[in-house]
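A.B. asks: Feature annotation from Swiss-Prot assigns transmembrane segment to 34-54, 78-99, 114-134, 179-199, 227-247, 289-309, 321-341, 348-368; the stated evidence is similarity to another entry. Summarising the annotation, Swiss-Prot assigns heme b b562 binding site to His84, His183. The heme b b566 binding site feature in Swiss-Prot is assigned to His98, His197; the stated evidence is similarity to another entry. Annotation source Swiss-Prot lists ubiquinone binding site at His202.
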Amino acid sequence: MAPNIRKSHPLLKMVNNSLIDLPTPSNISAWWNFGSLLAVCLVTQILTGLLLAMHYTADTTLAFSSVAHTCRNVQYGWLIRNLHANGASFFFICIFLHIGRGLYYGSYLYKETWNTGVILLLTLMATAFVGYVLPWGQMSFWGATVITNLFSAIPYIGQTLVEWAWGGFSVDNPTLTRFFALHFLLPFVIAGITIIHLTFLHESGSNNPLGISSNSDKIPFHPYYSIKDILGLTLMFIPFLTLALFSPNFLGDPENFTPANPLVTPPHIKPEWYFLFAYAILRSIPNKLGGVLALAASVLILLLIPFLHKSKQRTMTFRPLSQTLFWLLVANLLILTWIGSQPVEHPFIIIGQMASLSYFSILLILFPMIGTLENKILNY
């Protein structure tokens, strides 16, 4: 029999082993679609971003005008920009759902895969932050000022660090040019780490909703899951295109239609919606360094999750108490997101503080406690 080029060619066999003949559990649900959706989001963002970069000028006097020019005069420039801006939102929606799936089904027990995933999340957050500064509107400028200024809370080296990051004594032209350079570079870093993420995943194979070994019942990725991923893709593209074409500015801030002005501070400085939960945690602590540490902890806490798993069962499928706690955490994150968008006044301050306390309590204390309790209940 003639050798199959798909299995013998040095490059094609890597593709084959990752996307075609990959042995996959037969019972993974639609919650396992988000990995491929994230890959599509990344490719879309890189392509639209590349096209936008061709018309963008990283200079404080021209940045705002160059973005306006792209939308007005470049063929389909408005569409490319709207796809890129809203693509970021969908990227975050997918990554939050992907992480939620990992938490619910105990996927974090594949520690290397989980840790590279957390690094991917941090890199994505950095990319989105520097990207938001590029249009050089009011919220771009003041967002950059507020967030970079947080580094000054680091004892001893803080102020030096901030001025080094700014390239001067305030957010100005050097800041914009380096942010553009970083925004261009980081997506390719994300692509590289994604390959590492997949390499670690394929060492163990996918988890499944039952959390038990699926070695006895595997099916090839293609055609079963390739077709399922295409379905997931079409289902994501419908709301994505609806948003980008009918209300492209729905998730944006009106302040960003005003060019950056260092002399006028917007009444409410707030980041894009996908950072609001972390922003609310930052603001809930009335101390600069404490807030910065809480902000960092809100994401880095994910690295501790594998060590806090106390249950004898991997997934939450048959653990109603943990399920209740999980959905409580989801509701809590929605409350934090809402609080992050509100002004710093009563009653929002206390609500934010309670929600922040709940967030850390649920993850660090209640999940391990409930896991241990469920083990005891199983023994009766």
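Even glycines carry a Cβ here, placed using N, Cα and C.
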A.B. asks: At least three Cβ pairs under 8 Å linking the transmembrane segment (78-99) and the transmembrane segment (321-341), pairs spaced 6 or more in sequence?
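C.D. replies: Contact absent: fewer than 3 Cβ pairs fall under 8 Å.
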A.B. asks: Provide, as an integer number of angstrom, the distance between the C-alpha atoms of His98 (heme b b566 binding site) and the residue listed as 'ubiquinone binding site'.
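C.D. replies: Spelling it out, the Cα of His98 (heme b b566 binding site) and the Cα of the residue listed as 'ubiquinone binding site' are 17 Å apart.
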A.B. asks: What's the CA-CA gap between His197 (heme b b566 binding site) and His183 (heme b b562 binding site) in angstrom, rounded?
C.D. replies: 21
A.B. asks: Between the Cα atoms of His84 (heme b b562 binding site) and His202 (ubiquinone binding site), find the distance and write it as a whole number of Å.
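C.D. replies: Here the two Cα atoms lie 30 Å apart.
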A.B. asks: Between the binding-site residues His84, His98, His202, where is the Cβ count within 10 Å the lowest?
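C.D. replies: Among the binding-site residues His84, His98, His202, the lowest count of other Cβ atoms within 10 Å belongs to His202.
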A.B. asks: Return the residues near His183 (heme b b562 binding site) by Cβ distance under 8 Å, restricted to its own chain and a separation of at least 6 in sequence.
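C.D. replies: Listed in sequence order: Gly49, Thr127, Val130, Gly131, Leu134.
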A.B. asks: Could you tell me which three-state DSSP class His183 (heme b b562 binding site) falls into?
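C.D. replies: DSSP call for His183 (heme b b562 binding site): helix.
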A.B. asks: Residues of the same chain, at least six outside the transmembrane segment (348-368), with any C-beta under 8 angstroms of its C-beta?
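C.D. replies: Beyond its ends, the transmembrane segment (348-368) has Cβ neighbours at 280-281, 283-285, 294, 297-298, 301, 304-305, 308-310, 322, 325, 328-329, 332-333, 335-336, 339-340, 342.
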A.B. asks: Applying the under-8 angstroms CB criterion, which one of 114-134, 227-247, 289-309 scores highest with the transmembrane segment (34-54)?
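C.D. replies: Ranking 114-134, 227-247, 289-309 by Cβ pairs under 8 Å to the transmembrane segment (34-54) puts 227-247 first.
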A.B. asks: Which residues of the chain, 6 or more past the ends of the transmembrane segment (289-309), have a CB below 8 A from one of its CBs?
C.D. replies: 99, 103, 106, 108-109, 111, 114-115, 118, 121-122, 125, 150-151, 153-155, 277-279, 281-283, 356, 359-360, 363-364, 367-368, 371
A.B. asks: Near His197 (heme b b566 binding site), how many other Cβ atoms are within 10 Å of its Cβ?
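C.D. replies: Other Cβ atoms within 10 Å of His197 (heme b b566 binding site): 21.
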